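Only one structure is covered here, and it is reproduced in the block below.
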Amino acid sequence: MQTSFLSQQFNAGFLAENSTACPANATICDGTSCVLPEDTFNQTLSVVLSTFLTIMLALVMFSMGCNVELKNFLGHIKRPWGIFVGFLCQFGIMPLTAFLLSLAFDILPIQAVVVMIMGCCPGGTASNVIAYWVEGDMDLSISMTVCSTLLAMGMMPLCLFIYTKMWTDADAIVLPYNSIGLSLVALIIPVSIGIYVNYKWPSKAKTILKVGSIVGAVFIVIVAVVGGILYRGSWIITPKLWIIGTIFPAAGYTLGFFLARLSGLSWHRCRTVSLETGMQNTQLCSTIVQLSFTAEQLELMFTFPLIYSIFQLLFALLILAGYRLYRRHSIKTKTDVEKTAPKDEKENSKSSAIINGGFVQDEMK
């Protein structure tokens, strides 16, 4: 009996010294099988992140609203050609692209479903910030974001019903209408206040906009970094989903731009539609996935929204850098031409630009 007691003491000492056998914070330990206390790090960080993001999002959308002219915004609502083109991109191009990518890479059914959910989500608010930096049409950008979020309540179930029938029962996917509703509130109220400020105090609105655009850029980076920390244990995933997560946003940006151009929209609106198409509401996608699937299924699919989020931001930054380089070269070239061209030739060039449209017209506005 004494030998048994000594043996238990030896085993306890061995386990305490050998951290690989049993962690020090284990509550129950039997050899290498240990029961650990619940890790509240993710839960705490998630609550802090949600609170912080809500406040930041409201401030950013308020500042973006300060760049919206009420007359132009209502003009897009009354003559919604740009919004309609965005609608075709958001709920036409993106779900179809998701479907084709899932078939082309022959991924697991449960993984195809998460790709489809991402493709059916409405546009994200980050697109408004990037649209500002690439000198897009902010009135169109915000109206598209609001309308796509509102229409998502009907279009998401329809698109998922059409495209996911071959992989799963569409009824198994839970759509968080409350989250979509909160997104709408978080969009409409701050933007409305920003529009009012721009109407009453335009000079102050410009200052708020400059500060808000910088805060918005920081906000996007913080979301990406903290999201990676929050889900640090979820990065082991099939290479096929990494490839799809890379191709998908790039396809959204490209196809959205070309469809907008084919529809006759001006260049700055093409940039806007492109960003609104490629930048999806990845937080909404993550919420739907968590509500709809088991822990075992989540291991195969949960990381995809994070992957998409990373690459949609990366490509958006590349678009921004490319546009800024173009602008710098364009202004330099235009200055050189104006210095050397005769006065009559300048006036003819300007009138031709107004008639023909295109890049020159946009930059002259």
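Yeah, the Cβs are placed from backbone N, Cα and C, and that goes for glycine too.
What TrEMBL records for 45-63, 83-105, 112-134, 140-163, 175-196, 208-229, 241-260, 306-326 is transmembrane segment. Annotation source TrEMBL lists region 'Disordered' at 336-365. Taken from TrEMBL, the feature compositional bias 'Basic and acidic residues' applies to 336-349.
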Contact yes or no, the transmembrane segment (241-260) and the transmembrane segment (175-196), 3+ Cβ pairs under 8 Å, gap 6+: no
Touch test for the transmembrane segment (140-163) and the transmembrane segment (83-105), at least 3 Cβ pairs under 8 Å: yes
Recorded stretch that, among 83-105, 112-134, 175-196, has the most CB pairs under 8 Å to the transmembrane segment (306-326): 112-134
Residues from the same chain, set at least six apart from the ends of the transmembrane segment (175-196), whose C-beta lies under 8 A from its own: 54, 57-68, 70, 73, 122, 125, 142, 145-146, 149-150, 152-153, 156-157, 205, 208, 281, 284, 287-288, 291
